[in-house]
Amino acid sequence: MDKFRMIFQFLQSNQESFMNGICGIMALASAQMYSAFDFNCPCLPGYNAAYSAGILLAPPLVLFLLGLVMNNNVSMLAEEWKRPPGRRAKDPAVLRYMFCSMAQRALIAPVVWVAVTLLDGKCFLCAFCTAVPVTVLGNGSLAPGLSPPELARLLARVPCPDIYDGDWLLAREVAVRYLRCISQALGWSFVLLTTLLAFVVRSVRPCFTQAAFLKSKYWSHYIDIERKLFDETCTEHAKAFAKVCIQQFFEAMNHDLELGHAHGALATAPAGSAAPAPPEGAEEEREKLRGITDQGAVNRLLTSWHKCKPPLRLGQEQPPVGNGWAGGGPRPPRKEVAAYFSRV
């Protein structure tokens, strides 16, 4: 258990590296999924484009949503977006920075899927087989003898070698090579554009808005750390609360059980006997409670934290009152008193 706890703490402390590793694993998984996927083009004029569009767009959307779900900062972003302003204003720049950071990682696997799909060429071949220029690549003299629906029906069977019977009009290998060449060109162009876009976003953008970028990055990290520390403090308080509650229950039960023997115990007890000492660690556990010792106070504290978080201004001398903070105006000047002593 200690080893698993150490691993979990390491992952929490290196969350960014951990999420980058998860995104890389998802990217490799998307490529492996495509290689294991059995692509079956319907080879029908009205279904080829729809089937190819679904294969090209639906899995990337699923992978993008999975990338967002596996990111722990999604709930933090939603909480920060929907929380009441209270005594702390919400900065849209910080929210944009948090969303862009999550979206950049979540887009890795979809980009890999689209790139692998285009470089493979099967999806593009299925979608655009009816758009092959027969007059240029095939026997153009025979094409006018076919009506447009018949020509589309014939060309739609190009991805299916078992049922294609139009070699007299257009050689299947010629059409396949033509469409796969275009698909691979589009695939490498897509890879180049996404790489350049990633370079611009990661490298060039902070150079133009360095101050705003640093502010957004700082407060994004602050929100993450504040949430973790608050969860740790609540966990510590819950443990202390449960421990003190259980101790009080056992002490009350012990007192009830000893009520029947109270007279005999008083008669046999020596005159100078002292009261039983409190259990060890009881005072330490009560200090961890920080004065929050009942369910209503805990609920009010959690509600106050959600509705009105403390302002980002340290050095407050006045305690929080209700859902806000009492210290809002200027502090009164301190009076200094000097005392002089003289020897007589």
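Using N, Cα and C of the backbone, Cβ positions are placed for all residues, glycine too.
In TrEMBL, annotation is done automatically, which means it is predicted and not curated.
Computed from a predicted structure; not experimentally measured.
Taken from TrEMBL, the feature transmembrane segment applies to 21-37 (among others).
The feature transmembrane segment is assigned by TrEMBL to 49-74 (among others). Only residues 6 or more beyond the boundaries of the transmembrane segment (49-74), in the same chain, are considered here, and those with a CB under 8 A from a CB of the stretch are 15, 19, 22-23, 26, 30, 33-34, 39, 41-42, 98, 101-103, 105-111, 113-114, 117, 123-124, 126-127, 224.
The transmembrane segment annotation in TrEMBL covers 182-201 (among others). Below 8 angstroms of C-beta separation, residues 100, 104, 111, 114-115, 117-121, 123-125, 128 of the same chain, each at least six residues beyond the ends of the transmembrane segment (182-201), sit close to that stretch.
Sequence annotations record features per position, and here TrEMBL assigns region 'Disordered' to 269-288 (among others).
Summarising the annotation, TrEMBL assigns region 'Disordered' to 311-334 (among others).
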